[in-house]
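Everything on this sheet refers to the single structure shown next.
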């Protein structure tokens, strides 16, 4: 492997100060919604009515909330149900089991969401930022850079929309109910900490306050922001932590995951074990298999030694190369040998089911393709 120049990551730089979207009911807890409704001169129970439509019936269009008086509906729409996500493109593949949505936000930013159906569950993959500032060189989103953080409601609205798709029966061969959420779309979730945690609380709160998902069915991915992982451990949330490791040694991880230049593999893993001990939740170790880069047998053995005896599971990810990238997925025999060595070390290991390749399913690819169509290849 030819060494890459190390890419510094400025973690202290805030996301670009773009105008945030208008306030939405998903930005507020039920008490906050009731207070806002009262300010509008409406009875407080209207907040519960609107929340029941949105979270309980998955209705995002106030025009369908016909039990509300027309005058009240107009006022509440302006203040509680502004349009946050405008569909740009919606694609389906895997015989109807995978649905991908590309959204334009109020400021023109593009974000993606994916719905994946399985025989026993339906999973939504949500974006937490427009773009990403972590600069991982094999990731389409990381190469695009960070535009801004998403609001709590922009995150939640993705889930509510996808839950509606599932409820419609459109996901072939799957139950008609969203059951899991993974924060593995565009962005580094823990770099948008407050809004992501608020979104999780909406997702797991029972209807009409929230979507009613199980905390244990929510997964938060991170490249390893150590202080934020420790903070998440103190939130009294039983969500799964997914650590995007991608290399077991600092020399390579400094290149693949530039944040490793601040928090090394040993510190990141130690913090992950602290999270597991505090929450009782097994940590998922995410590892993209990149041909001739991080797939050598000795790296499998090193990873096995680091994880042996820990409350962890390795999720190997066949790389979905971005257009024009010099990165490629590891050959299947190499992948199988990597799995064998990890399992021989006593480490629980699976290979992620690849989804959405024919529709630019990897994080950031659809937005990148749309951006090229809008502004032209090579535009800044």
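The backbone N, Cα and C atoms fix where each Cβ goes, glycine too.
According to Swiss-Prot, the active site, proton acceptor annotation covers 112, on the basis of sequence analysis. Cβ-based neighbour count (10 Å, all protein chains) for residue 112 (active site, proton acceptor) stands at 28.
Sequence annotations record features per position, and here Swiss-Prot assigns active site, S-methylcysteine intermediate to 363 based on sequence analysis.
Cβ neighbours within 10 Å of residue 139 ([4Fe-4S] cluster binding site), excluding its own Cβ and spanning all shown chains: 27. Annotation source Swiss-Prot lists [4Fe-4S] cluster binding site at 132, 136, 139, citing sequence analysis.
Following the DSSP three-state reduction, the secondary structure of residue 221 (S-adenosyl-L-methionine binding site) is strand. The S-adenosyl-L-methionine binding site feature in Swiss-Prot is assigned to 187, 188, 221, 244, 245, 246, 320; the stated evidence is sequence analysis.
Residues within less than 8 Å, Cβ to Cβ, of residue 125 (disulfide bond) and separated from it by at least 6 positions along the same chain comprise 113, 114, 115, 116, 181, 182, 184, 185. DSSP assigns residue 125 (disulfide bond) to a strand in the three-state reduction. Feature annotation from Swiss-Prot assigns disulfide bond to 125-363.
The domain 'Radical SAM core' annotation in Swiss-Prot covers 118-358. Per-residue confidence over the domain 'Radical SAM core' (118-358) averages out at a pLDDT of 96.
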Checklist entry - Reported as an integer number of Å, what is the Cα distance between residue 132 ([4Fe-4S] cluster binding site) and residue 320 (S-adenosyl-L-methionine binding site)? => result 18
Item to check | Residue pair residue 139 ([4Fe-4S] cluster binding site), residue 245 (S-adenosyl-L-methionine binding site) - Cα distance, angstrom, rounded | outcome: 13
Next on the checklist: Applying a 10 Å Cβ distance cut-off over all chains shown, what neighbour count does residue 246 (S-adenosyl-L-methionine binding site) have?
Outcome noted: 25
Next on the checklist: A 10 Å Cβ contact count, applied to the binding-site residues 132, 136, 245: which residue has the minimum?
Outcome noted: 136
Checklist entry - In whole Å, how far is residue 245 (S-adenosyl-L-methionine binding site) from residue 112 (active site, proton acceptor) when you measure between their Cα atoms? => result 23
